[in-house]
Amino acid sequence: MGAHPKGDALIKDNRISQRTLGQWIADFPGCLGSKVKDTFHGQLPFLFKVLSVKTALSIQAHPNRELAARLHAQFPEHYPDNNHKPEMAIALTQFEGLCGFRPMDEILGFLKKVPEFRALVGNEAAEELQSADGDPGRTSLALKKCFTRMMNCEKKLFVDQLNMLVKRISEEEAAGKDTSGSNGELLLRLHSQYPGDIGCFSIYFLNRILLQPGEAMFLGANEPHAYLSGDCVECMACSDNTVRAGLTPKYIDVDTLCEMLNYSPAPVSAKLFPCVQDNADPCVYLYDPPVPDFTIMRVQIPVSARQYTVSALDSAGILLVIDGEAVATSAAALSDITLTPGSVLFISANESVSLQPALY
């Protein structure tokens, strides 16, 4: 949902001559609101998605604006625009992902307990990481060296080690042993989806995060992440720039990824992004990330409400219905619109929408 040239949203109302949202905005740029129109040069600055993840989506990161411009100039076939791509995922069901580098004690623990993982990193780099513990600057450099060594190791070495690890964990599970110390369940699941993929080993570097419905994670520039399972809504800057390095059949750019990442270990709790109840409207919860491109509002209207007004904002918005039914009326709409789960409305700046529950 948005106006990116590779996925311009279609307008369903055939009484409107423009067929896509991008065409509508180009003809009526005032719909963005003056602040957004001027700041983002007449473009809708965000994309809004619903993802339903059955098999893992690639280990990846998104470049900052400076790197995005450089990648687009050098490799336009792989990096189709020059924009950054910060993004936020909000869980609709229980949602599982990988996000950011684990705390040092967890990574060092896996290097001790998972010899196949240590073989890919190498003793020298592993010992360097151990000796850097407690010094943030040295830790980042040592972590970068460990991750880069693993991602660039010879294919035969990592395939052999992965097969040994899968065999060992499978045998331990069959014998009724606890394999959580090797992250066994997740390793076997990822290997079944992407056999022989170096990305399977990333689970020993990256935090596994489990979001409950309504919980969110924000992924700024250079933050390594992967989505593993579950449903979420995702909002991001209007870009298609993704640097991938594993768990994917798509283009892989290991050198760029290893060079760009944020090598700052942090606990999984630091990756949760809090929402704040709106002071002016208790039905609204705000997810307001530290970027100007987007903010997400989660609106929960009580069943008892006979009417609710989606307040006018000074910028354009996209409304997605997750649950329930209502009839929407607006001064700008050609007629009343019946909303059901999955309905999507584009709301221009400075326009309010009145919702009346379907039961009334």
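In case you wondered, yes, glycine gets a Cβ from its N, Cα and C as well.
As annotated by TrEMBL, domain 'Phosphomannose isomerase type I catalytic' applies to 1-103. The average pLDDT the prediction assigns to the domain 'Phosphomannose isomerase type I catalytic' (1-103) is 93.
Taken from TrEMBL, the feature Zn(2+) binding site covers Gln60, His62, Glu87, His225. Residue density at His225 (Zn(2+) binding site): 22 other Cβ atoms are found within 10 A of its Cβ, drawing on all protein chains shown.
Per DSSP, the domain 'Phosphomannose isomerase type I helical insertion' (120-206) is made up of 68 helix, 1 strand, 18 coil. The domain 'Phosphomannose isomerase type I helical insertion' annotation in TrEMBL covers 120-206.
The annotation active site is assigned in TrEMBL to Arg244. Taking all protein chains in view, 22 other C-beta atoms sit within 10 angstroms of the C-beta of Arg244 (active site).
Under 8 Å from some Cβ of the domain 'Phosphomannose isomerase type I C-terminal' (286-326) lie the Cβ atoms of residues 1-2, 25, 31-36, 39-40, 44-46, 48, 50, 86, 88, 90, 92, 214, 216, 218, 220, 233, 235-238, 273, 275-278, 280, 338-358, 360, all in the same chain and six or more residues away from its ends. Residues or ranges marked as domain 'Phosphomannose isomerase type I C-terminal' by TrEMBL: 286-326.
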C-alpha spacing of Arg244 (active site) relative to Glu87 (Zn(2+) binding site), in angstrom: 15
Counts by DSSP class (helix H/G/I, strand E/B, coil) across the domain 'Phosphomannose isomerase type I catalytic' (1-103): 27 helix, 27 strand, 49 coil
Which same-chain residues, if any, lie at least 6 apart from His62 (Zn(2+) binding site) yet have Cβ under 8 Å of it: His84, Lys85, Pro86, Glu87, Leu219, Ala221, Asn222, Glu223, Ser239, Asn241, Thr242, Val243
Output field, Zn(2+) shell: CB within 8 Å of site CB centroid, site Gln60, His62, Glu87, His225 dropped: Ala61, Lys85, Leu219, Glu223, Thr242
